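Record features, source TrEMBL:
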| type | residues | note |
| --- | --- | --- |
| ACT_SITE | Glu149 | active site |
| BINDING | His148, His152, His158 | Zn(2+) binding site |
| DOMAIN | 52-254 | domain 'Peptidase M12A' |
| DOMAIN | 270-424 | domain 'MAM' |
| SIGNAL | 1-15 | signal peptide |
Amino acid sequence: MKLCLLLTFLGLVAGRPEPEPQIEVEELETVEDPEVTEGYFEGDIELPKFRNAIRNLDSRWPNGIVYYRISSAFPSSTHATIVEAMREIESNTKHGSTYCVRYVERTTQSDYIYIQKNTGCHSAIGRHGGAQELSIGTGCERKGTIMHELNHALGFWHEQSRYDRDSYVTIHTDNIDSKYLHDFAKHTTSVMNVFGTPYDFGSIMHYGPYTFALHKSHPSISPKPGQAHGVTMGQRLAMSTQDVSLIQKLYGCPADTSHITHPATGQSVVNCNFDSSLCGMTSDSQSNFQWTRKSGSTPTSNTGPHADHTNSAGYYIYAEANGHHHEKARLLTKTTSAGHYCVEFYLFQYGSQEGSFQVLTAGSRIREQSVKTVTGSNSHYWVHHRININVPADFHLILQATVSSGDLGDIAIDDFNLYHGRCL
């Protein structure tokens, strides 16, 4: 009798359904063009607007030591990110155990950078003497953006302000407000030393293709034909090899680019700019139609992008609304293991008859559920989305576009990334 009761109990326990795994989702705030602040030269450089450039050619920090103070107004998480950015620059540029540049917290030193939470992101170029402000405002808290500003403070201008830039990029002056045209000025060799290095589209110091654009659906800067294939202009993920090399050259350090931190390397599940393929993603059997790779404008006017996000000369994917009313296009990533991940992408969802775009998770132990939904007309430019997710079981992502009832509802995505860890 006891044995029968025990078996019955075990049967009830075994038959009880397991609780459904819960996915944690944290959407991060993004700010359009955080490095463009009204009143600052080239958007983020502390220089009087009508002065051409700093004439002091040696504004380096003595012995490569940058003294700093961080305002107590920052939350602890941002304070930690600022320090991480400094340590990454130190690590990237050192040779063996010898540092090229060091960031040292100020005690009584008279010359230092004072990192504050003011409006936007901006810094002076090099050392100016005294306490010089470096602002990390709202939207500037990404490590890559902070490294960009710290590089200004080390003595570096924007890459596209090089004197030889016209051989590599086109500046679309017809799509730049006249009051910002001076922000695209070229610097002479007496102001900017490039040390004989080639033009670097992937520099952490390069503008993005839509920076200062009057009409954000069209680029303000684009690579010359045949240039920058697959390279993201304006990336703020990591220093390029040439960024590191230039710091070493400026500060007279041994050349060593053997240990640069590239966060996405080895951590990416998907890292796709769609320039060559769908990067291993596949169409779902539940799709009514397919996502399409495209460069330039979509066929239907008044909806869809005019160029890709990566550098304005490549490809993106889009769901064509014309002929697909009330239908869905679904693209699947490969299955990956449980854990913390960052989902990052750019979305162009503009038109008077827009449906919706969703990023969904699914798996053998996870029901299909949305981690991001955008409904209706969004903005007439590429909008950045960053989402931290914690998934407790193996999963894949579904990129789903749902077309509404009209032709003016194209949906496009570009620069889609899924990588281990929190968003950088």
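Note that Cβ sites are derived from N, Cα and C of the backbone, with glycine treated the same way.
Curation plays no part in TrEMBL annotations; they are all automatic predictions.
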Cβ atoms near His152 (Zn(2+) binding site) (within 10 Å, other residues, all chains): 24
Integer average pLDDT (0 to 100) for the domain 'MAM' (270-424): 96
Whole-number Å value for how far the residue listed as 'active site' lies from His158 (Zn(2+) binding site) (Cα to Cα): 10
Packing count at Glu149 (active site) (other Cβ atoms within 10 Å of its Cβ): 24
